[in-house]
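What Swiss-Prot records for D92, D94, D96 is Mg(2+) binding site. Per Swiss-Prot, Zn(2+) binding site is recorded for C93, C111, C118, and the stated evidence type is sequence analysis.
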Amino acid sequence: MNLVFNAPSTDKSELEDAGDFTPRFDDRGLITAIVTDAHDGELLMVAHMNAEALALTIKTKTAHYYSRSRGKLWKKGETSGNLQTVTEIRTDCDQDAIWLKVVVAGHDATCHTGRRSCFYRTVELEDGKPVLNVVDDHLHFDPSEIYRK
């Protein structure tokens, strides 16, 4: 069974209030996905999905994304073992963003750097210049061991 999404309505109230899921992909065929931990709500990552990735995620309850840099479908955690099991999928009011609540397997790390979250740095102002400060330097795994080329 292939999952096909209907074209979104041009009627704003239908997008906001109707029961049909009609995701609004951008001009590149992508939709933004925000990913949080299902247990503690921590923001883990932001990625993009094409229609195939979104359909696979809905059908399998395992997170799939579209890699813009590699130009292909990507099953999160396939290499590292940190698969994301989806417990809930939400969309925003105009259906142009997806929110996945996930449980991360393996090392409980989402970032390819080995950290739990891709959001491990704060942006701060020092001497009038924006700088990055690491707030989570704990590595759950060694990326050089997992992602050998």
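In case you wondered, yes, glycine gets a Cβ from its N, Cα and C as well.
Fewest Cβ neighbours within 10 Å among the binding-site residues D92, D94, D96: this applies to D94.
Within 10 Å of the C-beta of C93 (Zn(2+) binding site) there are 10 other C-beta atoms, taking all protein chains into account.
Here the C-alpha separation of C111 (Zn(2+) binding site) and D96 (Mg(2+) binding site) works out to 24 Å. If you take the Cα of D92 (Mg(2+) binding site) and the Cα of C118 (Zn(2+) binding site), they are about 22 angstrom apart, rounded to a whole number. Close to C118 (Zn(2+) binding site) in the fold, though at least 6 residues off in sequence, lie L44, M45, V46, T110, C111, each with a CB less than 8 Å from its CB. Other residues of the same chain near the Mg(2+) site, with their Cβ within 8 Å of the Cβ centroid of D92, D94, D96, are L15, R24, T91, C93, Q95, A97. Other Cβ atoms within 10 Å of the Cβ of C111 (Zn(2+) binding site), summed over all protein chains shown, number 19.
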